[in-house]
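Asks: To start, I am sharing the structure in question, which I have written as structure tokens.
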Amino acid sequence: MHLLCFFFLLLWTGPARSYFPEERWSPESALLAPRVLVALVCRNSAHSLPHVLGAIDRLNYPKDRMAVWVATDHNSDNTTEILREWLVNVQNFYHYVEWRPQDEPSVYEGESGPKHWTNLRYEHVMKLRQAALETAREMWADYFMLVDCDNLLTNRDVLWKLMRENKTIVAPMLESRAAYSNFWCGMTSQGYYKRTPAYMPIRRQERKGCFAVPMVHSTLLLDLRKEASRQLAFFPPHPDYTWAFDDIIIFAFSARMAEVQMYICNRETYGYFPVPLRSQNSLQDEAESFLHSQLEVMVRNPPIEPSVYLSLMPKQTDKMGFDEVFMINLLRRSDRRERMLRTLYEQEIACKIITAVDGKALNASQVEALGIKMLPGYSDPYHGRPLTKGELGCFLSHYNIWNEIVDRGLQSSLVIEDDLRFEVFFKRRLQNLMQEVQSQQLDWDLIYIGRKRMQVERPEKSVPRIHSLVEADYSYWTLGYVISLRGAQKLLRAEPLKKMLPVDEFLPVMYNKHPIEEYMSHFPQRDLRAFSAEPLLIYPTHYTGDQGYISDTETSSVWDNESVLTDWDRARSRKSREQEELSSEAQNTDVLQSPLDSTARDEL
């Protein structure tokens with residue numbers, strides 16, 4: 001009996017001995033995301049805020065671990081209304097929202113315009129940033145993120161990625177249309193910007209990583225868990241500060257005195273921002289400069305959508321004073337079509353899509369039915385090959401437009417292809433150019449707005465009394481051009497289908513600037529009046545060797561023999577390369593420059 005009881009006791013106690021209590025516990029849960037306060041200090045930012053706020057909406061970070069601190073003042077646009085609507089609609093998503101609007105006054109005392117930074121403005125902005133930083137400290141935030149109100153954060157994981165760098169002050173490198181970015185690699189003994197050899201390799205991402213630099217600005221992340229962060233301040237300036245009264249320099253000095261190193265990270269593309277304008281620029285200039293940043297995003301990325309928590313009016317498109325705007329697109333290149341339609345819409349430009357003739361789909365009987373004959377003796381100048389089917393389709397696409405211009409009696413038309421990027425202030429600069437052409441009663445047939453200048457040894461002749469216009473010399477590409485009714489008539493009158501060559505070789509023949517006399521001899525009437533914008537208003541999205549470069553003209557087959565393919569080593573093709581460097585003697589230095597042109601070419 002005792003043995004039986006002992007046996008049952010073993011059975012009852014055995015399982016308990018085989019399990020430790022901790023083995024029955026669930027695994028430890030993940031840590032909560034660090035608490036982040038995002039600060040926005042905005043003025044006259046109505047043009048940029050819908051997209052900047054949309055980018056913040058889309059950050060891949062739990063909203064309940066984020067606080068939003070927003071201040072705005074001295075506005076002459078509807079910045080306050082936009083921010084208020086957004087905050088009302090998103091406030092329940094965030095852990096905390098602080099809103100500091102100031103409706104009056106709309107200008108600072110002593111400022112000459114909305115882009116003029118007076119000492120009073122610097123001081124006010126620094127005080128607001130300091131207030132935001134103190135709020136973050138009071139609520140025990142782990143991180144403080146400052147974002148300027150025209151900075152587009154396209155990388156949704158930017159917060160996580162900056163946190164992983166484990167730096168007290170770290171900034172994501174932002175892209176711009178120029179060499180400008182949100183960091184300095186050098187600083188003078190007086191605190192000003194200093195050019196250094198280290199800058200461009202980082203800016204171009206030839207060197208990738210997180211680099212110690214003396215200055216970061218615009219968008220940056222502070223790790224408030226670091227002990228040294230307690231000594232950082234946007235305002236007041238450090239007692240030892242004697243440099244210029246400038247917000248970013250004052251903060252950089254604060255970091256230096258706190259022995260905190262600033263870092264810039266360029267491991268990935270994190271976002272975009274516009275190049276700063278001059279103090280005399282207008283709000284319209286600023287809006288169009290920001291618009292250009294949006295367009296640059298779309299060259300290689302999906303468009304930046306505005307915040308869904310804002311009610312926005314649709315844009316009103318127009319034809320910029322032309323009778324028609326033609327946009328050529330291959331039906332199978334839907335990605336290009338969608339990008340171009342969006343970029344045109346953002347610029348409020350209406351267009352008519354012209355379905356391009358697909359050279360690959362042309363057969364011998366179709367070519368024969370059109371009466372197409374090759375120009376005797378033509379061969380590609382770089383490969384020695386005849387015309388490709390892609391080049392044939394390209395020519396026919398432009399040829400069909402010239403026919404439509406004549407049939408409809410269109411006095412002036414803009415023709416653009418689908419693989420281009422627009423220069424800053426594109427619409428205004430083109431409209432200004434055409435107004436000057438009209439007011440000066442220029443006798444013109446065709447005006448390039450995008451091309452590759454092939455004559456690089458001597459300057460082109462500037463057009464008197466017209467800003468930014470030269471007489472066109474030998475050029476490649478038909479990215480974009482303005483053409484008159486008379487110009488289209490001249491091109492058709494030459495009967496080019498009977499002596500076919502690529503369209504960008506045909507045009508220089510028709511304005512008598514082709515270097516090969518034999519080609520020109522087949523076209524006795526070469527009186528096309530051709531000019532070019534200078535500087536150019538559009539450029540290709542990609543060049544030979546670029547990631548994503550696709551050529552529908554070079555990568556094809558010979559026009560009359562599908563078995564002969566033409567996909568040679570495109571690295572050898574000069575035709576699709578970027579514009580060669582012009583010699584100093586060839587620079588069009590006597591061309592009248594408009595203020596917009598000089599602004600567009602600045603690289604700060």
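The backbone N, Cα and C atoms fix where each Cβ goes, glycine too.
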Asks: Of 45-48, 225-228, 601-604, which span is tagged motif 'Prevents secretion from ER' by Swiss-Prot?
Replies: 601-604
Asks: Using DSSP with the three-state reduction, classify Asn166 (N-linked glycosylation site) as helix, strand or coil.
Replies: coil
Asks: Other than its own, how many Cβ atoms are within 10 Å of the Cβ belonging to Asn363 (N-linked glycosylation site)?
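Replies: The answer is 10 other Cβ atoms.
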Asks: Let me know how many other Cβ atoms fall within 10 Å of the Cβ of Asn166 (N-linked glycosylation site).
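Replies: Cβ-Cβ neighbours of Asn166 (N-linked glycosylation site) within 10 Å number 12.
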Asks: Which number gives the other C-beta atoms within 10 angstroms of the C-beta of Asn78 (N-linked glycosylation site), all protein chains shown included?
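Replies: Summing over all protein chains shown, Asn78 (N-linked glycosylation site) has 14 other Cβ atoms within 10 Å.
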Asks: Can you grab the distance from Asn78 (N-linked glycosylation site) over to Asn166 (N-linked glycosylation site)? Cα atoms, rounded to a whole Å.
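Replies: That comes out at 38 Å between the alpha carbons.
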Asks: Would you identify the secondary structure of Asn78 (N-linked glycosylation site) according to DSSP, in three states?
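Replies: For Asn78 (N-linked glycosylation site) - judged by DSSP and reduced to three states - the answer is coil.
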Asks: About how far apart, in whole Å, are the alpha carbons (Cα) of Asn363 (N-linked glycosylation site) and Asn166 (N-linked glycosylation site)?
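Replies: So the alpha carbons of Asn363 (N-linked glycosylation site) and Asn166 (N-linked glycosylation site) sit roughly 62 Å from each other.
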